[in-house]
């Protein structure tokens with residue numbers, strides 16, 4: 001199976017080793033986000049504006065891309081690049097920005113546990129757009145693998161971790177902050193459906209752009225993150241009065257920004273040289289990293305639901321990428 005069909009590059013050689021390392025780093029950085037964010041809490045809350053962290057992350061990615069072009073880590077095109085090729089990335093930035101804001105607004109219409117479980121529907125929406133927009137076909141075996149990924153995510157979100165002081169398992173989001181009553185509203189379900197659709201569309205659309213344009217990945221990322229910085233700068237400025245850009249930041253917060261920036265760059269490489277489906281497996285496998293770090297850093301206990309989720313993920317990987 002080829003890379004563009006959602007598979008892995010050819011086995012053997014240094015290229016395969018680099019690809020494997022990139023996937024492992026992507027999984028680690030994605031899974032570390034929630035535990036690192038929990039370590040930033042002061043008196044049970046994040047002491048800085050979320051928009052500040054997003055803006056600084058986008059700015060860090062932009063600077064790293066510019067640096068890679070300036071020092072020659074990636075070659076600049078032989079002729080002046082057609083800057084009109086930057087315009088399509090504005091839509092990618094807009095879709096990602098809309099998704100980030102929907103996540104915040106969804107918390108007003110449902111509890112974090114319900115959101116964590118239902119948000120796994122974005123796996124299905126990504127697969128749908130992958131087939132429709134890229135004209136790829138998934139076999140029954142591959143479709144079953146993606147269903148197992150959805151089940152694994154829902155299983156882990158429903159109770160993969162437990163606070164030692166609580167008799168009941170909790171979702172990763174509530175295990176560190178305390179229990180929240182389960183609730184969901186009709187507007188919340190509609191917003192969640194919109195979130196899942198935008199999530200799938202943004203991933204597949206960005207993959208299409210990255211693969212269609214014959215430009216260095218760093219230059220494509222430069223286009224994307226320029227729009228991302230402008231969009232998030234506007235959102236931050238329009239967010240009303242609040243803490244300053246760096247107010248409340250600590251060493252842990254800086255690590256969150258750096259890890260998220262690295263993750264964004266790695267994910268773009270995954271989608272250019274792999275696929276949106278590969279990205280789904282990276283995100284799902286990151287649950288294992290999330291759980292292990294939560295247990296080690298936050299003193300949370302792993303439950304049977306976590307081990308079931310890990311088993312389902314392993315089975316899904318075998319079904320999708322294993323020998324036919």
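Keep in mind that glycine also has a Cβ here, set from the backbone N, Cα and C atoms.
Since this is a predicted model, take the numbers as computed values, not measurements.
Per Swiss-Prot, the features are:
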TOPO_DOM  1-18  topological domain 'Cytoplasmic'
TOPO_DOM  40-52  topological domain 'Lumenal'
TOPO_DOM  74-85  topological domain 'Cytoplasmic'
TOPO_DOM  107-140  topological domain 'Lumenal'
TOPO_DOM  162-177  topological domain 'Cytoplasmic'
TOPO_DOM  199-214  topological domain 'Lumenal'
TOPO_DOM  236-248  topological domain 'Cytoplasmic'
TOPO_DOM  272-279  topological domain 'Lumenal'
TOPO_DOM  301-324  topological domain 'Cytoplasmic'
TRANSMEM  19-39  transmembrane segment
TRANSMEM  53-73  transmembrane segment
TRANSMEM  86-106  transmembrane segment
TRANSMEM  141-161  transmembrane segment
TRANSMEM  178-198  transmembrane segment
TRANSMEM  215-235  transmembrane segment
TRANSMEM  249-271  transmembrane segment
TRANSMEM  280-300  transmembrane segment
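If you count C-beta pairs under 8 angstroms between the transmembrane segment (249-271) and each of 19-39, 53-73, 86-106, 215-235, 280-300, the highest count goes to 19-39. At the 8 Å Cβ cutoff, the transmembrane segment (215-235) and the transmembrane segment (19-39) share fewer than 3 close pairs (sequence separation 6 or more) and do not count as touching. Confidence for the topological domain 'Cytoplasmic' (162-177), expressed as mean pLDDT, is 57.
Taken through DSSP, the topological domain 'Cytoplasmic' (301-324) splits into 18 helix, 2 strand, 4 coil. Helix, strand and coil residue tallies for the topological domain 'Lumenal' (40-52), in that order: 3 helix, 2 strand, 8 coil [DSSP].
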